[in-house]
Amino acid sequence: MVDLESEVPPLPPRYRFRDLLLGDQGWQNDDRVQVEFYMNENTFKERLKLFFIKNQRSSLRIRLFNFSLKLLSCLLYIIRVLLESPSQGNEWSHIFWVNRSLPLWGLQVLVALISLFETILLGYLSYKGNIWEQILRIPFILEIINAVPFVISIFWPDLRNLFVPVFLNCWLAKHALENMINDLHRAIQRTQSAMFNQVLILISTLLCLIFTCICGIQHLERIGKKLNLFDSLYFCIVTFSTVGFGDVTPETWSSKLFVVAMICVALVVLPIQFEQLAYLWMERQKSGGNYSRHRAQTEKHVVLCVSSLKIDLLMDFLNEFYAHPRLQDYYVVILCPTEMDVQVRRVLQIPMWSQRVIYLQGSALKDQDLLRAKMDDAEACFILSSRCEVDRTSSDHQTILRAWAVKDFAPNCPLYVQILKPENKFHIKFADHVVCEEEFKYAMLALNCICPATSTLITLLVHTSRGQEGQQSPEQWQKTYGRCSGNEVYHITLGDSAFFAEYAGKSFTYASFHAHKKFGVCLIGVRREDNKNILLNPGPRYIMNASDICFYINITKEENSAFKNQDQQKKSSFSRSFCPGPSRLPVHSIIASMGTVAIDLQDTSCRSASGPTLTLPTEGIREVRRPSIAPVLEVADASSLQTCDLLSDQSEDETTPDDKMSSNLEYAKGYPPYSPYIGSSPTFCHLLHEKVPFCCLRLDKSCQHNYYEDAKAYGFKNKLIIVAAETAGNGLYNFIVPLRAYYRPKKELNPIVLLLDNPLDDLLRCGVTFAANMVVVDKESTMSAEEDYMADAKTIVNVQTLFRLFSSLSIITELTHPANMRFMQFRAKDCYSLALSKLEKKERERGSNLAFMFRLPFAAGRVFSISMLDTLLYQSFVKDYMISITRLLLGLDTIPGSGFLCSIKITEEDLWIRTYARLYQKLCSSSGDVPIGIYRTESQKLATSESQISISVEEWEDTKDCKDQGHLRGNHRNSTSSDQSDHPLLRRKSMQWARRLSRKGPRHSGKTAEKITQQRLNLYRRSERQELAELVKDRMKHLGLSTAGYDEMNDHQSTLSYILINPSPDTRLELNDVVYLIRPDPLSYLPNSEPSQNSSLCNAAGQDSREETQL
């Protein structure tokens, strides 16, 4: 190793430490030269310039003194006029000579000397080589006219009474005021308001004109009417206001000429000032002005930072923000770099918003604009990304810089940030609340494949509503659906709650069931006082404490509720005093009015001695009556904890040993070894034992490991889930993980196919004919369009094509704009769709924020827009827990002990439960699940219309033979294609023409003519649905694919689906209802023993108890 110390040369003797301490005489002989800098500022002129001009504070003092001096000179002139006795006669000498007392003359001389000296000094200091430029300046000329005669009068006493127009000093005072305001803003380091300066200049100019006119007319009329100052003021005001009474008029030609000159000056100067003021006013209207410091300190406000403000985004924010009562007094300051849109300007001029919304044009990266918005005093700052840009990464970069700038300027201001790409989320970890669009989007799309309409469920939960939508509709499902949509998530401390206070020391499931039974509220989660983590349905082992914070779903929060017990009301009728039977159940009527809920609690004390009983389905001839639903225990005992093991993967117990071995070899439970981006929450899920080679991930191409080229060849046991996206981004990780979560049975895992391009051939190869769901993600390349709402055009048309080609396929679509949901599954002549369109318009006129909720595709969960989740970020300002609860529901975050969202389907064997309240008890007592809603599908009962009639040739022929029938019988069939839009009359005319054409030919025609006629008839007899089916089958045959999986199954035209969030306890269960559940974490209940031992213990507990806990 080289010795580095030996390579460093020693210091010269003059730099040694000993020489520094003891002194070295050798340095005096060095050739170094001491240099002094800024010697030019040491001269006398530069020091004076620094004091009078350059230094802001000293210059401000000088200008303030000069302004006071000019005002003093004008005041002395007024005193001289008031003290002067009226002159006798009309001689011109009265114009040039005045009576001035000696003390007054002395004061005016002193003021003139000081002003002249200051003017000469400032002219000398600002001299730049051109003497005439300094002399010909108007302020210098006025100073000479007003000061030099007084200086001359010192040496020539006869000139002491010479008239000097000292009133012209008002213009010098105006000039000094302007300079003083500029120095003032420079001294306090604050940006001046151009509007304020222009208004000040205009007012001072007007005052100077009036004062000059008053003094000039009063002096010139000394040889006329001898007007005093008040008469001159009266004349000037009447003249400048264009009133002109005529009672006071100038008499001398000189005064008349002076008035004409002043009017000409006013006509030139004032319009220029007004023009500049109007221009600045218009510019201020564009930029928005400032948010005053006084208002920021006395009123509360939030700042909304966006790159471009659209009317939809603005209205969503304002409607959701001001939906909360305690935010009514808040101001909203919008900081946007672009000019205000015409529609936005029109909305902000509405009195409802003009008093509470302030628009500022500026950038969040400039401290001046942040100061204008008073960001340091704001209660919160919302930073939203522009999702309409083609490059979403660039949009995220802009959002990140805005967040950094706000955090640097106002460190204590809470930040609410919206980001688009999950890989950019770690840059803004310091923000108080962050919503990543792609995380939520893909998680909702994934859960839509497992739990239908999860996107609709989450959207309704995060929107503020009173549940009054659809109440004017004649259809019952719209009333029920609209009323239940008003349910939201609220929180309250258990000890302070009338809902949950009595359940302290009891289990969570006991509190949830009885609170729903008694009050109709759904307790879904809890949080310890000393813990920040929210636990969704922690299960029966969790014991409630008085300090716990409870999270519940209800039509409104408890603080806005009034409770009326049945005993306090009037006595009911005699028929209600008895229990009439099992059909008589507690009825909880929830009335939402003006933010207050009145809950009628029926008297449930009247029960039979044996309790409610249900007859279970009998086996053979065995008929045994027994309690069908076990009670929910206050504290879970050992036996109930054993039952909780039923939450483990039952697929392992239900399969054969061979299948169990194969499944265990194929899958393993664990955490993903790699994370696609920083900040993703680790999720326990199903994994493969070995990593699949990259070449095997191509479904349509074979490799050295397998020779399959289409999905059918793989022989998947479960149906496929196809994701049609533009690119395989990092957000796709949040789509895969919920579908591979550890709590999902292995036998229910669906293969996932990523389709980056969707021509017909690729769709057929990837197995679209036997897919369970197809998810269509909005394309980023279509985000930017000439018209904003056209960004969804490509997606809508592609989905409509899929909808017509594959009628049985369940398609889940994401759109950019919620307003475009009305084009999904579009039917031009569908009467029911037109009725829903009218209903949507009426709800929008009533001020509803959820007018689009009655569209059938949205209600069924087949379409959603990620922009509808913007309200999640807005709600977090009032409910800081909403983002955490939503992430737990979607599976984006996993907390030990917290439950997850899943669903069960009501079959015919489960209808004996009958009501939602009994189902609630059944789930809480058996598995600890907490139901939160129902996804219901009903048959669509519509009147027959032309758009729903499809006529076949055979029926047409039968109808023609029957002469007595006066109308045509239609054959209704379920079809999702647009053949319903074909007019039956046109098809009938074409068939008549073909029939006549075949009959016109001679009977002895050849076989060729008959064959052509038969082919022509066959072409006209085909329906559009058959043509599409033949097209798809021909294409599949061309690709070498089997057409066995493609058939014309019925679609969902005759059915409608909707969601009931937290329905009333007496809601009847119907066949095929899907119940949303929050299931406890299975890992928190599994003991240390093996699952096989747990299942044997459960079997030993008895077959009867197992039947009771199983739906």
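Just so it is clear, glycine is given a Cβ too, placed from its N, Cα and C backbone atoms.
Over in TrEMBL, the protein carries these features:
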COMPBIAS  1086-1098  compositional bias 'Polar residues'
DOMAIN    299-435  domain 'RCK N-terminal'
REGION    962-985  region 'Disordered'
REGION    1085-1111  region 'Disordered'
TRANSMEM  64-83  transmembrane segment
TRANSMEM  103-124  transmembrane segment
TRANSMEM  136-156  transmembrane segment
TRANSMEM  199-217  transmembrane segment
TRANSMEM  258-281  transmembrane segment
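Long-range neighbours of the transmembrane segment (199-217) within the same chain, counting only residues 6 or more positions beyond its ends whose Cβ lies under 8 Å from a Cβ of the stretch, are 74, 77, 81, 165, 167-168, 170-171, 174, 177-178, 181, 227, 229, 232-233, 235-237, 239-240, 250, 255, 258-259, 262, 265-266, 269-270, 273-274, 277. Residues of the domain 'RCK N-terminal' (299-435) grouped by DSSP class, helix first, strand second and coil last, total 59 helix, 28 strand, 50 coil.
Beyond its flanks by at least six residues, the transmembrane segment (103-124) meets 45, 48, 52-53, 62, 66, 69-70, 72-73, 76, 79-80, 83, 134, 139-140, 143-144, 146-148, 150-151, 153-154, 160, 164, 166 of its own chain at Cβ-Cβ distances under 8 Å. The domain 'RCK N-terminal' (299-435) scores a mean pLDDT of 90 in the predicted structure.
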